[in-house]
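Student: So that we are looking at the same thing, I have put the structure below in structure tokens.
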């Protein structure tokens with residue numbers, strides 16, 4: 001047995017259990033959290049680069065799951081996010097009096113576990129076809145969660161995500177015809193810079209850019225993420241977009257670093273820069289809170305792409321690599337916290353607009369504090385994990401003389417401050433204390449815990465840099481992963 | 001005959017092209033869903049044709065295709081259900097489409 005396949009199998013087992021137990025399905029969470037926490041700790045304790053071939057089928061036929069630095073960090077962050085969001089959702093998705101509430105209560109929990117299992121599979125697998133399955137699992141859960149908020153936004157998301165998946169699948173087919181394997185570690189050894197490989201890489205990248213909502217393919221994200229119920233938005237923004245990003249990393253830096261043209265990296269860097277600027281400006285222009293937070297996701301995803309040329313130029317796992325992966329982790333925690341806090345605030349005032357938050361800081365100090373702490377990490381203020389990530393990226397950019405990237409990093413931070421101060425300014429405005437109806441006040445702890453984690457992880461910076469260093473493409477060429485069955 | 005040798009991938013490529021054209025030109029979501037399915041069929045044909053050897057057949061791409069078809073069927077069913085729900089919502093007599101909290105009407 002290995003924690004690697006259990007990390008995928010356990011959530012799927014909980015999915016079936018939740019599906020079968022109907023109205024009591026939500027209580028499986030209390031079993032899922034300790035199980036997943038144990039498996040995650042086990043994963044973190046595995047030696048670097050441990051692999052596990054599912055079902056004992058050896059490569060190139062088998063499907064390999066592998067615990068490298070990125071996978072460990074992302075799986076752990078996913079577990080933390082999912083556990084806390086799940087606890088928050090226990091109240092939100094309880095079967096209620098109203099018919100649609102009850103339907104949501106039934107539907108959310110199986111989707112929640114499907115999302116969790118799919119994300120873990122996406123982070124751990126090195127098999128491109130299995131990654132396609134993981135992408136589809138995550139997309140299916142994500143679209144269904146988005147449909148809980150707005151059917152139209154979900155339909156738009158569904159259609160565009162389907163095209164992204166098929167583009168990715170076409171690339172997998174091309175690669176298989178060329179190399180007769182779809183395993184990343186084997187592809188890395190055989191990669192040839194021929195037309196088929198480049199075409200495959202191009203269509204797969206396009207598909208993944210859709211999944212990760214990278215500018216200009218981000219159009220589906222703000223309506224879908226803004227309309228969904230708060231716990232669903234938190235999972236969508238924190239976890240779903242990261243799956244596409246991690247697969248992109250695997251392709252560009254693990255399988256085909258040798259044949260990637262600098263122009264391709266530059267292009268991704270530019271897209272990232274435009275995403276940071278466009279997403280931030282759009283976020284500033286929003287007057288509903290959740291749309292603002294959703295556009296902030298578009299902007300924050302931009303940093304991940306902005307880092308691509310920096311990572312490729314930097315030697316080894318130095319600053320840029322660690323900065324990029326830590327940014328992904330920090331964004332996961334901070335954005336989940338922010339959506340949960342936003343959900344609580346909007347529920348309390350029964351509105352959607354920024355002006356509805358008037359004076360809320362006095363009525364809900366802890367929730368507004370959670371929002372503020374998450375904002376600290378998103379803006380990149382010390383000592384948060386977001387600061388550490390942006391600092392590492394900025395250092396790499398300055399070292400490499402990438403003036404433009406450095407400028408975007410700084411301007412992006414300023415713009416983030418502008419759009420995140422807007423809701424905070426409303427919350428602290430006025431002098432009267434609004435009367436709010438807080439349901440299940442214990443839920444305040446969820447966004448607060450996530451936000452505190454996002455901020456305090458900055459102190460564990462060295463540990464995170466060490467974890468991310470355990471990635472096969474960071475150092476010398478990939479070696480055969482050792483089996484730990 | 002080069003054409004006969006590459007019959008499967010070529011037909012697959014034509015289907016991908018057709019489906020993509022359909023996806024880009026058709027506006028109704030149901031038609032778009034069908035167009036995407038045509039693209040999927042093309043990709044499966046490309047993949048399935050790969051395992052064909054002169055005397056033996058490689059089962060690996062076939063296994064990928066079967067898995068892919070399962071995924072495609074599940075997603076198509078889900079998409080059709082979603083489209084149906086949206087259509088029911090639009091036909092609702094009060095026309096309020098109560099699901100849209102942000103007033104996003106694309």
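Even glycines carry a Cβ here, placed using N, Cα and C.
These numbers come from a predicted model, not from an experiment.
The domain 'NADH:quinone oxidoreductase/Mrp antiporter transmembrane' feature in TrEMBL is assigned to A:126-413. Residues or ranges marked as transmembrane segment by TrEMBL: A:6-22, A:27-45, A:69-90, A:102-123, A:129-151, A:200-221, A:233-253, A:259-280, A:292-312, A:332-349, A:401-421, A:442-465 (among others).
I'd like these features described in context: how deep, what's nearby, how far apart.
Tutor: Sequence-remote contacts of a segment are chain residues at least 6 beyond its ends whose Cβ falls under 8 Å from one of its Cβ atoms, and for the transmembrane segment (A:6-22) they are 28, 31-32, 35-36, 39-40, 43, 65, 75, 106, 109-110, 112-114, 116-117, 120-121, 124.
For the transmembrane segment (A:27-45), the residues of the chain that approach it from at least six positions outside its boundaries are 3-4, 6-7, 10-11, 14, 17-18, 21, 67, 71-72, 75-76, 79, 82-83, 86-87, 90, 109, 113, 116, 467, judged by C-beta separation under 8 angstroms.
Among residues of the same chain six or more beyond the transmembrane segment (A:129-151), those with a C-beta under 8 A of the stretch's C-beta atoms are 63, 104, 107-108, 111-112, 114-115, 117-119, 121-122, 157-158, 161-162, 165, 168-169, 172, 176, 182, 211, 223-229, 232-233, 235-236, 239-240, 243-244, 247, 250.
For the transmembrane segment (A:233-253), same-chain residues at least 6 beyond its ends with a Cβ under 8 Å from one of its own Cβ atoms are 70-71, 74, 78, 81-82, 85, 88, 112, 115, 118-119, 122-123, 126, 131, 134-135, 138-139, 142, 145-146, 149, 164, 168, 184, 201, 204-205, 208-213, 221, 224-226, 260, 265, 268, 290, 293-294, 297, 301, 304, 308, 311-312, 328, 331-333, 335-337, 339-340, 343, 473.
Using a Cβ-Cβ cut-off under 8 Å and counting only residues 6 or more beyond its ends in the same chain, the transmembrane segment (A:292-312) has close neighbours at 212-215, 218, 221-223, 225-226, 233, 237, 241, 245, 252-253, 257, 260, 262, 265-266, 268-269, 271-280, 282-283, 286, 320-321, 323-324, 327-328, 331, 335, 338-339, 342, 354, 378, 389-390, 393, 396-397, 400, 402, 405, 408-409, 412, 415-416, 419-420, 422-423.
The list of residues near the transmembrane segment (A:401-421) in space but at least 6 beyond its ends in sequence, with Cβ under 8 angstroms from a Cβ of it, reads 269, 273, 276-277, 280-281, 283-284, 286, 292, 295-296, 299, 302-303, 306, 309-310, 313, 375, 378-380, 390, 393-394.
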Student: Near the transmembrane segment (A:102-123), which residues from the same chain, at least 6 beyond its ends, have a CB less than 8 A from one of its CBs?
Tutor: 7-12, 14-16, 18-19, 22-23, 25-26, 28-29, 32, 36, 65, 70-71, 74-75, 78, 82, 86, 89, 93-96, 130-131, 133-138, 140-142, 144-145, 148, 229, 231-232, 235, 239-240, 242-243, 246-247
Student: Could you tell me whether the transmembrane segment (A:259-280) and the transmembrane segment (A:69-90) have 3+ CB pairs under 8 A, leaving out pairs under 6 positions apart?
Tutor: no
Student: By a Cβ-Cβ criterion of under 8 Å, what residues six or more beyond either terminus of the transmembrane segment (A:200-221) are in contact with it?
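Tutor: Tertiary neighbours of the transmembrane segment (A:200-221) are 135, 139, 153, 156-157, 160-161, 163-172, 174-175, 178, 240-245, 247-248, 251-252, 256, 259-260, 268, 271-272, 274-275, 278-279, 294, 297-298, 301-302, 304-305.
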Student: Do any residues, 6 or more residues outside the transmembrane segment (A:332-349), come within under 8 Å Cβ-to-Cβ of it, and if so which ones?
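Tutor: Sequence-distant neighbours of the transmembrane segment (A:332-349): 74, 77-78, 80-81, 84-85, 88, 92, 225, 229-231, 233-235, 237-239, 242, 289-290, 293, 296-297, 300, 356-357, 360, 363-364, 367-368, 370-371, 373-375, 377-378, 384-386, 423, 427, 434, 436-439, 443-444, 446-451, 453-454, 457.
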